[in-house]
């Protein structure tokens, strides 16, 4: 080749363009994964599920026959959870809450298999928060209604001749009390899940 005006050989003149290789771009993920917080969320829902199932199972098994003497007259008694609307409400809400917690756990397991974030968007976090709040209040309402009936059975009615029904029916009263306790524990863990949802929302 001929020379250029500056006296340099044309083969020596050129523009060097840096090679564009595979550039690794480190971007901060838009959605925090927070493995520890995800584990806590799964744990609270699992415990809430277990407590709801126990509450339902214990109340369904609350049945007993006995007898009671009033003014020297022996009266046969039969206690069954299905005789009370409040106890039926507790069983129903425990079943629905257990189904809700189980569905959330299955969704979380599906995301874990796909290595996806536990909470994928703010809308999903709000949905979780709303659901956890609703079922926490529902379990608290059901537990309170059932507790009123259980307390009436244990203490009787004041200023009347009705006695303590738990003396001739101890198994029924004990199972009912255990079921109500599990319902309140399920409420507490659902409320804890709602708090975790708020933490997710505040960091998204």
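Cβ atoms are placed via backbone N, Cα and C, with glycine included.
For the recorded site, residue 80 (N-linked glycosylation site), the DSSP three-state label reads strand. For residue 80 (N-linked glycosylation site), applying a Cβ distance below 8 Å and a minimum sequence separation of six or more within one chain yields 62, 63. Among the features that Swiss-Prot reports, N-linked glycosylation site is placed at 80 (among others).
Positions annotated as N-linked glycosylation site by Swiss-Prot: 153 (among others).
Annotated topological domain 'Cytoplasmic' per Swiss-Prot: 1-39 (among others), in sequence order.
Residues annotated as topological domain 'Extracellular' in Swiss-Prot: 61-88 (among others).
Annotation source Swiss-Prot lists topological domain 'Cytoplasmic' at 110-124 (among others).
Annotated topological domain 'Extracellular' per Swiss-Prot: 146-179 (among others), in sequence order, evidence recorded as sequence analysis.
Annotation source Swiss-Prot lists topological domain 'Cytoplasmic' at 201-204 (among others), citing sequence analysis. In the predicted model, the topological domain 'Cytoplasmic' (201-204) has a mean pLDDT of 77.
Under the heading transmembrane segment, Swiss-Prot lists 40-60 (among others), citing sequence analysis as support.
What Swiss-Prot lists as transmembrane segment is 89-109 (among others).
Residues annotated as transmembrane segment in Swiss-Prot, with sequence analysis given as evidence: 125-145 (among others).
Long-range contacts of the transmembrane segment (180-200) within the same chain, counting only residues at least 6 positions beyond its ends with a Cβ under 8 Å from a Cβ of the stretch, are 32, 34, 37, 40-41, 44-45, 47-48, 51-52, 54-55, 58, 90, 93-94, 97, 101, 119, 125-126, 128-129, 132-133, 135-137, 139-140, 142-143, 146-147, 150. Positions annotated as transmembrane segment by Swiss-Prot: 180-200 (among others).
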* Structure fact -> Within the same chain, the residues 6 or more beyond the ends of the transmembrane segment (40-60) and with Cβ under 8 Å of it are 81, 87, 90-91, 94-95, 97-98, 101-102, 104-105, 108, 118, 139, 146, 175-176, 178-180, 182-183, 185-186, 189-190, 192-193, 196
